[in-house]
Amino acid sequence: MNMIENSMFEEEPDVLDLAKETPAYPLDPDDMVYEPRSSRLLVRGLGENDMDEEEEDYESSARLLGMSFMNRSSSLRPSASPYARQEQSSSCTMPSNRTLLLGVFVLVVVASVAMVIYFLPKCTLTKEGCHTVNTSMELIYPRATNGELFPWTSLRLPVYVQPVHYDLLIHPNLTTMTFQGTVSITIDVLNDTKNVILHSSGLQITNVTVQDKEVKKLEYQPWQQIALKFPEDLKKGQTYVLTMEYSANLSNSYSGFYNSSYVDKGGNKRVLAATQFEPLAARKAFPCFDEPALKATFLIKIKRETGYISLSNMPKVLLTVLNAVLDEFEKSVRMSTYLVAFIVANFTQINQIASDTLVSVYAVPDKVDQLDYALGCAVKLLKFYNTLFGIKFPLKKLDLVAIPDFLAGAMENWGLITFRERTLLVGNHSSLMDKQVVASVIAHELAHQWFGNLVTMKWWNDLWLNEGFATYMEYTSVEKVFPELEIGNDFLSMRFKSLAEDSLNSSRPISTEVATPEQVEEMFDSVSYEKGASTLLMLSSTLTEEKFYKGVSEYLEKYRNMNTDNEDLWNSFPQEEYNVVDMMNTWTLQKGFPLVTVNRTGAQVSVSQEHFLLKVNKTAKSSDLWHIPLTYVNDSCSTSPNCTQLFLLKDKTATFKVPKNVKWMKFNFRNNGFYIVNYGEEGWRALIEAVKENHEVLTPEDRASLINNLFALSRLGKLSFKQVMNLLVYLEHENHTAPLTEALYQLDRIYRLLDKRQDLLASSMKNYILNLFVDKMNSQSWEQDLPLSKQELRSALLEVACRYGQKNCTDRAEHVFLQWVASNGTERIPGDLMKVVFSVGAQSNAGWEMLLQTYTHSIVDADRRKMLAALASSQDVRKVLLQESLQGSYVKTQELPLILHTVCRNFAGHLYAWDFVKENWGKITQKFPIGSFAIQDIIMSTTSYFSTERLLWEVENFFRSRRDKSSKMRCVHEAMETIALNIQWMDSNLETLRKNL
């Protein structure tokens, strides 16, 4: 959901069984023991010519982008850059006699030393001296924290021990911000072993017993693993109980078992503790087998102080009051550790029974009046999913909880879904756009109760089976259950966004091999969510919705309470008409998407496919082919689904026949397919003329698709920007939201690029955009509530108009703002106009101060975020609240990505934001995990509008010099590639823009 949960690596799609492989994660040399083999140390990578790991990573990045980023002017950087191409001199000079004599002397000395070393025993010069050679051990084991060998060599846990059940007692202390815990894990042993390997991170484990006997514990912190070592084998086929007592600090970040706080209406600070375990943070709350395939049942007990409540996945069954309160919850269904959740807080709730499930919505007491809409949504959607999937929600209760400090949009913990306040609470005067956000997030998380919870991916390489499905259901369920929310435009723009991101060489397949924690974090991205959802829409449109959901229901029924991979899903669909497995593997196991080129001569239509790849190096090639379900309509019938015809393109080229009297053809009906189409000169001419004559010969989605495809082809270099402008002439007759907002977005993006490089053409582009849309901007109402799609259009048009300084817009916005100020913030502004009005008001000192004061006292989070975005839009960079958000003072740290995104939109702030990120990178990565969606968003927001060689070098050099793992993030390579492509597009199109604007 536009990364609701929030959040690209190797291209091989298959999962490695890392338990059988050598370590994929680099071991620190200080943590290794090297077994001698022929008296030589097995130290890898210490040769004098070996490339530094970070240099190697960036060299591969340069190859990925098909260019040498460092081949820049020597005045910008040290000439010794490993990426600079060193020019060889065309002539050489003879060395002097003195140089020759010196060289001979050095060679003699080196040879003499080498002979001495050669004839001495190879161990003579070592600190330990000579020992007996041991050639029996081949593995390289890491060193545990106590210096002993750690008996495991992989990030993945071994498969010979399986957890069955956890008994977990948690006791948080909300005064000291610490917690204590005891966990007893029942395990099945599948092979004889003296070691049990599991996960633990940041826990002080004080006592470990197995069957009441103490055992030895080792810890290897880089992999967040502990090993329990036994004097005798645990026997195959036997069951054992591991018990561990431990303590830890409540986390100050947004993962694990963390502390949160808020200020109530009386000005009192209230504290609470909540969990966020996905993807790899259950191990921060209790020792566990923290992999999605290692499902077990859980019986959770929580010790708490009076004055708080506790919540967990299952209903509460027992409450005991002694010195403190002890809450005990029912034994859970089998589930993965990342779905476990518990909360200790002083929340208030409302509830309703739906389909024999008690649905409750919780928030802080001051916001209890904002819960009704969410409860109504949850009840309707739960009933809808129960019927659609044919499998009833298996728990007795379902809680939806708004957490004051929460980084992701929401988290699908089974039976205890947690949300940002923004994505669950709806005020009395919230707009339809605000309600759409809440309904879609709830729809996404409820869909997870089936896709992810009931049936779970085996490993994070197939995260899309969770997130792609939940995103698809988010849009399709809201469209059916809440038609007044008109979510179709959002779904369409999401697919356009996904196409743009997947067109880069730094993209990845939907199903991607991952190993390290940072790689797992990066899987929470546009590919897993948005491309995953887009490919499911394409499959549903191809099979028909009825056959699609029949296959989905069979998949859920067959694999309930189990773990699956990519092919388990595809095999659940009927294979008679289409080989779904072969077809969909082309979309999930290779990166990118196809460009379909159409050429028509009379009745014969020729179609061909190639990888749509934005290339910095034009010689880069890709031989990938897709099975493309091509849909098309023509001038005889073009706006109804019944008009569509389908041709399955499997090969590089193919032909088929159409009636000779067909005037034009439009492919990819309603943009339900994940591909872009080029019609050739004649095909485009016919389509553009048809749209200019009567734009309603195509659906609004198809008109938006034409606009999107033309801009994409222009960026690819297949069409000139003049052809794009030729189509846009028709917009004076367009009134539908989808085509207008797509054109506005694409043009505004070009304006931002020009503006940020201070090109004189920026003013001409601004005038072109204003002239194209001025009548529609001036005709917008500023008072009345409108249908949601009209609100979306009004918001987009007026946001651009006021940001461009169009006087009619800024005057009207300032008038509305002053009325709001005069009413002391009680005058109602339509929700979709708040951001525009507040942004204009925030440009004055008095207006900015008034907004800040209102922000700090408002309890409606949707309104607060609009105020915050307006505050961050100030042209005075001293006021943009970056430090305040990073420190988490009166602006929560979770809002830092939003503030950075807003600051970067303005010319005055975009370089300031980048400097802020560079200067505070260490603090930022302490708050947000490397690879997380927040980090991805921060990097792309601050760099995606750079378009100069100097800034490209600066971004590359900054990340190349990092000592952390951020240099290996895919989004860093994506950022550099985007900048290089921006430079390339500007260089190629500036002359065209000058001639035509």
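Each Cβ is built from the backbone N, Cα and C atoms, and glycine gets one as well.
Database features, via TrEMBL:
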| type | residues | note |
| --- | --- | --- |
| TRANSMEM | 100-120 | transmembrane segment |
| DOMAIN | 162-339 | domain 'Aminopeptidase N-like N-terminal' |
| DOMAIN | 373-587 | domain 'Peptidase M1 membrane alanine aminopeptidase' |
| BINDING | HIS444, HIS448, GLU467 | Zn(2+) binding site |
| ACT_SITE | GLU445 | active site, proton acceptor |
| SITE | TYR529 | site 'Transition state stabilizer' |
| DOMAIN | 664-980 | domain 'ERAP1-like C-terminal' |
- Query: Could you tell me the C-alpha distance between GLU467 (Zn(2+) binding site) and GLU445 (active site, proton acceptor) in angstrom, no decimals?
  - Reply: 10
- The rounded CA-CA distance in Å from the residue listed as 'active site, proton acceptor' to TYR529 (site 'Transition state stabilizer') is 13
- Message: If you count other CB atoms within 10 A of each CB, which of HIS444, HIS448 wins among these binding-site residues?
- Response: HIS444
- For GLU467 (Zn(2+) binding site), just count the other CB atoms lying within 10 A of its CB, please. 30
- Message: Give me the count of other Cβ atoms within 10 A of the Cβ belonging to the residue listed as 'active site, proton acceptor'.
- Response: 29
- Message: Cα-Cα, whole number of Å: HIS448 (Zn(2+) binding site) versus TYR529 (site 'Transition state stabilizer')?
- Response: 12
- Query: Taking just the CA atoms, what is the gap between TYR529 (site 'Transition state stabilizer') and HIS444 (Zn(2+) binding site) in Å?
  - Reply: 11
- Segment confidence, the domain 'ERAP1-like C-terminal' (664-980), expressed as mean pLDDT: 94
- So how many other Cβ atoms are close to TYR529 (site 'Transition state stabilizer'), meaning within 10 Å of its Cβ? 31
